[in-house]
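To keep things clear, I will list the structure first and then write my remarks on it.
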């Protein structure tokens with residue numbers, strides 16, 4: 001702060017017969033001196049406070065409700081006699097859930113633990129964790145997008161990347177959460193595990209890698225069951241015995257709560273869905289009116305929706321390639337069925353309060369609320385329950401056979417794991433199906449609310465360009481609906497919710513949304529050539545790209561070669577945006593290559609077209625240094641397309657296998673190769 005100059009004192013008239021300073025002068029002088037002393041003291045105190053607390057900066061979209069003093073996890077560990085802190089980097093809630101289970105189990109091993117969100121902590125305090133005897137930091141870290149850390153872990157990741165801090169004396173372990181269908185499998189967990197060792201920390205147990213494409217629950221349990229004995233061995237401690245099932249939250253029924261104090265679906269701030277205030281983000285979504293909701297499929301029995309959200313007045317901005325995130329609600333029939341299975345009055349007003357008073361997470365979701373609201377807005381009731389949920393449900397079975405069955409599936413025995421895979425995962429049984437098929441199990445509804453994970457926002461590639469549509473955001477979504485092995489029909493939470501939002505008359509349906517920025521971008525120079533591969537709804541972001549290229553062309557700018565590969569089952573059924581695409585072809589905006597897999601006896605996919613066009617691909621990518629984009633299924637299509645690109649580089653570019661791989665990696669680093677894929 002700049003020092004302020006004192007006001008100038010007017011000169012005092014001096015007479016020879018009077019003293020140099022009169023009584024009034026002395027009083028004024030004393031007041032001025034006292035004022036200056038107070039001002040300097042105040043500033044010194046402020047500076048001391050500023051230097052005393054180093055607050056870890058957070059993402060602009062996050063809401064940090066903690067004060068500076070509260071973000072000290074070291075103070076919390078010391079004040080509550082804990083030695084274990086489990087940090088999580090979570091985008092969908094799984095890593096946070098695993099972190100909670102580890103912290104809870106620590107009690108069995110004389111390692112009382114706490115869960116911590118790195119975004120809400122001063123992570124520089126890791127340097128002083130060694131001062132706590134036999135202390136341990138565990139990191140449950142998900143890899144997100146194209147090998148990126150999750151939003152809440154971004155700053156910690158960048159901090160250890162860019163600073164050579166000394167972690168000597170820090171004991172740590174890492175469990176990574178990833179998906180093998182993605183190219184950068186578990187990149188974040190692998191990097192943090194390696195980097196902490198480079199910075200001097202001591203690895204207590206080997207890195208664990210969970211694969212969400214297979215059975216991440218099994219991966220976690222297998223790792224965890226070897227992790228604890230290693231911890232005991234490292235610190236010279238012993239297990240206290242069998243696991244004791246303890247509740248993390250206590251129930252408080254609040255029938256006297258007035259309606260205006262009740263959460264009705266808000267993510268954070270009470271009444272935020274009614275009284276809207278920008279900026280809008282994950283904690284404060286915008287209630288966007290749906291202006292258009294139309295069917296794109298012409299026939300065939302499946303449904304694909306084109307939906308336009310009105311964002312006028314929201315101050316939200318987007319670019320082609322960004323994602324729209326939407327908070328859905330659960331199906332009311334499923335909510336009612338779950339309430340009946342738990343013998344619950346869903347209109348009961350309640351709060352779940354954390355039994356750990358030091359936790360920054362006071363409630364698992366906004367409270368007070370009703371059970372109906374919690375099951376509708378806050379909990380993933382269609383998620384397949386993990387083994388720890390089955391273990392806790394077993395305690396509420398009146399039939400011993402049912403109890404043993406649930407315990408068996410939640411065990412670490414190979415037979416138990418196989419049964420869980422077959423009975424829960426392969427049969428797609430959610431919590432409602434489990435309770436229906438284990439008839440003697442009647443858990444209290446509040447415990448179900450504690451056990452189920454939080455309902456997460458769903459993300460969609462934006463299928464419009466803000467150059468053309470600055471006040472609306474378009475998405476393209478296939479309605480998810482399938483029959484399980486048990487004969488039940490399962491519906492996608494978000495797409496079923498959207499399908500019900502029909503536009504009729506004046507009153508437009510509204511949906512809570514926010515925009516998530518992406519690195520999936522057109523090249524800065526409009527004359528740079530591009531190849532886009534997007535079968536099915538993988539076309540979505542490229543619709544925005546094509547609109548942008550057309551807009552630039554109409555402005556008189558030079559447009560580079562724009563090649564679009566699109567595929568679907570049948571031209572007459574699911575060729576989405578057909579008229580638009582054909583019009584762009586006629587006007588010379590794009591070159592279009594289409595594959596209709598079921599329109600001829602021999603199936604034809606976009607991969608077949610790419611193999612036919614190897615000369616074209618080399619010309620665009622190798623000769624003219626163009627950009628290559630993939631959007632759609634990560635498991636098969638994206639992997640196959642990448643392999644074809646490597647083949648092009650080897651056959652047309654005369655590269656070895658390793659040279660071709662390095663070339664693609666260089667393209668990725670230069671943002672010339674981009675993938676927006678999902679599994």
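Every residue gets a Cβ built from N, Cα and C, even glycine.
Source: prediction; values computed, not measured.
Features reported for this protein in TrEMBL:
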type    : residues                                                        : note
DOMAIN  : 84-228                                                          : domain 'Flavodoxin-like'
BINDING : 90-95, 142-145, 177-186, 212                                    : FMN binding site
DOMAIN  : 283-523                                                         : domain 'FAD-binding FR-type'
BINDING : 302, 537, 597, 598, 603, 604, 605, 606, 607, 640                : NADP(+) binding site
BINDING : 458, 459, 460, 461, 476, 477, 478, 482, 492, 493, 494, 495, 678 : FAD binding site
Legend entry - Residues 302, 537, 597, 598, 603, 604, 605, 606, 607, 640 binding NADP(+) per the record - widest CA separation, whole Å: 26
Legend entry - Residue distribution over DSSP helix, strand and coil in the domain 'Flavodoxin-like' (84-228): 65 helix, 35 strand, 45 coil
Inset, instruction - Kindly state the mean pLDDT of the domain 'FAD-binding FR-type' (283-523) in the predicted structure. - result: 96
Inset, instruction - Please determine which of the binding-site residues listed here (142, 478, 494) has the lowest count of neighbouring CB atoms within 10 Å. - result: 478
Inset, instruction - Ten-angstrom check, please: count other Cβ atoms within 10 Å of the Cβ of residue 476 (FAD binding site), all chains counted. - result: 23
Legend entry - Nonlocal residues around residue 605 (NADP(+) binding site), in sequence order (Cβ under 8 Å, 6 or more apart): 535, 567, 595, 597, 637
Legend entry - Minimum Cα separation from residue 179 (FMN binding site), reported as the residue among binding-site residues 458, 492, 603 that achieves it: 458
Legend entry - Same-chain residues at least 6 apart in sequence whose Cβ lies under 8 Å from residue 145 (FMN binding site): 518, 519
Legend entry - Among 90, 179, 597 [binding-site residues], residue with fewest other Cβ within 10 Å: 597
Inset, instruction - Using only the residues recorded as binding FAD (458, 459, 460, 461, 476, 477, 478, 482, 492, 493, 494, 495, 678), report the maximum Cα-Cα distance in Å, whole number please. - result: 23
Legend entry - Proximal residue to residue 142 (FMN binding site) among binding-site residues 478, 494, 678 (C-alpha distance): 678
Inset, instruction - Round to a whole number and give the Cα-to-Cα distance in Å for the pair residue 90 (FMN binding site) and residue 478 (FAD binding site). - result: 26
Inset, instruction - Could you check which of these binding-site residues, 93, 182, 185, 302, 603, 607, sit within 10 Å of residue 678 (FAD binding site), going Cα to Cα? - result: 182
